[in-house]
Amino acid sequence: MSRVSQARNLGKYFLLIDNMLVVLGFFVVFPLISIRFVDQMGWAAVMVGIALGLRQFIQQGLGIFGGAIADRFGAKPMIVTGMLMRAAGFATMGIAHEPWLLWFSCLLSGLGGTLFDPPRSALVVKLIRPQQRGRFFSLLMMQDSAGAVIGALLGSWLLQYDFRLVCATGAVLFVLCAAFNAWLLPAWKLSTVRTPVREGMTRVMRDKRFVTYVLTLAGYYMLAVQVMLMLPIMVNDVAGAPSAVKWMYAIEACLSLTLLYPIARWSEKHFRLEHRLMAGLLIMSLSMMPVGMVSGLQQLFTLICLFYIGSIIAEPARETLSASLADARARGSYMGCSRLGLAIGGAIGYIGGGWLFDLGKSAHQPELPWMMLGIIGIFTFLALGWQFSQKRAARRLLERDA
């Protein structure tokens, strides 16, 4: 086995272990934020939505800067610093008794993610061969699902005693992850050339097709982020107990572990990436619309199952499509920019979703936020369809001219 192949194989195992630690640390804390501050402390959902949206926007919106810096200086220093910063954010969250302190803790957490997320994504693109990326992203998603349910179970158990224990556990896991990277991650370069920060960012922003695709995905993310805000609140309201939230993540884990990899393997042989992304988004959108009209936990979990199946179809295709569009000369910058849609869609989804949830509750129209999210998903589906049809038309024109 050549040294390059050996490095790729070792890199795969490193990425999987690193990803599990990050997922556990994140899901111990974040699914319980809305339960803690909305249900237990009586805050308005929009206040918590602002905090979650701020974290999302900072982490993903500034990702292009984090990626460009990583292109220049390498992955290791950015990843270690970012993980320690997230640990500090979680520690601060444990003592948050005013909205501004929760917002500050989410700001710290988001800045940490800005530093470590783009270089971690770029390492996947660097180490995994193009023909294997779809399956590897599926493995990461399966791991995300298993880690989410384990983290949510652990966090729910700790929440019975003290929310500070929840946050301390998340902080410790990120400190361990920082130590793991500091000890074992080689000083790998992310790009084929050591690209200056400004040049990497400029290269991405001039790629109009990539930027348009990324911004359109904001609508997809408005739906996707509700697993952290409105869906846990809805499950808690219908079930009457915060402990029911863990079953939502258990459903996701079961579906992902049984369906994600087989669906990815089968669909990559029969369907284009664009079609898989659009089909998943359509299922997610249609499953969102009736959520506000259900009154039983069984009906709610059925709709959540459909939502997760849509995500299982769409997410590996989205990741693979984003990676395939990245320029090898500025991988970190491209993977950072690919999170821009998540920054915008996540922020709007959290803040707007929280506001619509409060508005629907006060107006006795609980279906309002869910119908709006479904409509946004349908419009995003149509916009992506138009973009992909334009791209195919341009390709056919070039082939005819040749």
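Cβ coordinates come from backbone N, Cα and C, glycine included.
With respect to the membrane, Asp162 and Gln390 are annotated on opposite faces, judging by the topological domain names in Swiss-Prot. Sequence-distant residue pairs (6 or more apart) of the transmembrane segment (244-264) and the transmembrane segment (368-388) include fewer than 3 whose Cβ atoms are under 8 Å, leaving the two stretches without contact. Here the transmembrane segment (277-297) has Cβ contacts under 8 Å with residues 220, 223-224, 226, 231, 234-235, 238-239, 244, 271, 303-304, 306-307, 309-315, 317-318, 321, 360, 365-371, 373-378, 380-381, 384-385, 388 of the same chain, all six or more residues outside its ends.
Packing against the topological domain 'Periplasmic' (160-164) from elsewhere in the chain are residues 32, 36, 40, 94-95: each is 6 or more residues past its ends and has a CB under 8 Å from a CB in it. Counted as Cβ pairs under 8 Å, contacts with the transmembrane segment (300-320) are highest for 139-159 among 139-159, 165-185, 340-360. Counted as Cβ pairs under 8 Å, contacts with the transmembrane segment (139-159) are highest for 13-33 among 13-33, 165-185, 340-360, 368-388. Each residue in the topological domain 'Periplasmic' (361-367) gets a DSSP state, and the totals come to 2 helix, 0 strand, 5 coil.
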